[in-house]
């Protein structure tokens with residue numbers, strides 16, 4: 001499920017955010033407060049007016065409890081002060097997306113974790129994710145580029161040298177003239193993707209630092225710091241151009257380590273809907289080079305397959321290990337997550353076993369791996385504990401009406417809900433046709449029958465298999481009333497199936513609490 005993947009993307013990338021975020025310093029935050037904030041504070045009442053007023057505005061959606069938000073705050077304020085002097089001024093704003101009245105904004109703009117920054121252009125007609133640095137100097141530099149032309153003209157080798165960073169992807173259109181369909185389409189794509197990539201255009205390929213200078217124009221040249229250093233395309237259809245850039249801008253093998261230069265590729269890797277092969281080992285000890293060489297060769301061998309490859313350092317990838325339920329002592333290990341969210345695992349793998357194991361996967365000879373806590377030996381509390389290995393027996397095969405909560409141990413809303421569920425379960429204890437249960441969705445795989453985008457998410461499942469998202473109130477009386485109105489009594493039958501994500505706390509993910 002594509003929507004379910006948003007939660008685990010946040011899980012896996014939380015560490016990357018932490019590594020690139022500066023440490024928060026209380027004295028800096030206090031100094032900013034004393035001087036008066038340059039960052040514009042918005043809420044649901046003032047948001048639309050601010051977007052309409054400013055042709056270019058950056059908005060941070062944050063939560064007061066979020067550690068990364070606290071770390072970003074002084075840097076964001078410094079950047080706002082600096083950018084307020086820019087001509088024209090660049091406005092930085094913030095919204096407390098955790099506040100109840102502002103929840104509609106979090107839903108509207110699909111806020112999945114904190115902090116999330118978005119760029120609003122042209123009075124909100126064009127909205128893009130902010131994908132730049134998280135420290136003041138980097139924010140300022142990145143946003144100054146965002147308000148200029150989407151693509152800069154390269155008139156000389158000196159221009160190219162000043163614009164093109166050998167450590168980053170740079171996309172150049174080479175034309176006979178700056179007009180016509182090809183140029184128009186190129187500029188359209190540059191505007192659309194400018195928050196992801198740097199673009200330039202030129203009349204002379206020999207002004208560029210790499211690639212064949214004697215090429216037939218027009219063409220698009222993508223310069224990158226990995227794999228083939230230069231890739232050209234002559235297809236200027238907008239969709240084809242976007243596909244070319246997307247396919248060419250991720251390393252054949254993405255590296256998951258503490259190097260912030262790799263974090264943009266990690267984001268693209270985990271956002272992809274393609275099956276993912278992930279090899280995890282200790283980069284600093286053991287035969288790392290032999291594993292890397294064999295794995296890179298395997299990625300080349302299977303490049304025509306619909307699968308992406310990643311190699312990760314277990315020290316940097318603890319978020320991934322927590323999400324997948326893995327332990328350091330299992331490494332070296334290789335894990336595949338396919339498009340249906342099935343997982344396949346081989347721990348303690350040797351380098352010379354990698355290719356044969358991948359072939360078994362492609363031949364459909366592997367059995368899926370499931371993450372589950374142990375089934376509890378005693379389960380006598382009013383709210384029953386279920387795990388991945390028991391959820392189908394308890395929820396779908398028990399012949400009972402089951403209200404199940406998917407929660408996260410760190411989730412504040414889940415902690416508030418716990419005694420309320422306990423009270424409801426205690427009240428309904430004498431009703432043998434009803435069960436209230438809970439499952440730690442961070443420690444167990446969530447079955448495909450449920451869609452969990454945030455915590456807590458609750459579903460009601462009847463004996464006939466009808467699955468309904470719980471969208472009523474959060475008091476014990478409201479929960480009890482919902483169950484009584486929706487439960488099936490013995491002998492009742494229905495075939496209706498309803499599924500929808502609980503929007504109540506979509507924004508509260510583990511982006512801050514890994």
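Cβ coordinates are placed from backbone N, Cα and C, and glycine is handled just like the others.
Record features (TrEMBL):
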{"type": "SIGNAL", "residues": "1-26", "note": "signal peptide"}
{"type": "DOMAIN", "residues": "20-148", "note": "domain 'Thioredoxin'"}
{"type": "DISULFID", "residues": "66-69", "note": "disulfide bond"}
{"type": "DOMAIN", "residues": "369-488", "note": "domain 'Thioredoxin'"}
{"type": "DISULFID", "residues": "411-414", "note": "disulfide bond"}
{"type": "REGION", "residues": "490-514", "note": "region 'Disordered'"}
Entry from the disulfide-bonded residues list 66, 69, 411, 414 having the most other CB atoms no farther than 10 A: 69
Confidence summary (mean pLDDT) of the domain 'Thioredoxin' (369-488): 92
Residue 69 (disulfide bond) and residue 414 (disulfide bond), distance between Cα atoms, whole Å: 21
Residue 411 (disulfide bond) and residue 66 (disulfide bond), distance between Cα atoms, whole Å: 11
DSSP-assigned states of the domain 'Thioredoxin' (20-148) in counts, ordered helix, strand, coil: 59 helix, 26 strand, 44 coil
Residue counts (helix, strand, coil, in that order) that DSSP gives for the domain 'Thioredoxin' (369-488): 33 helix, 25 strand, 62 coil
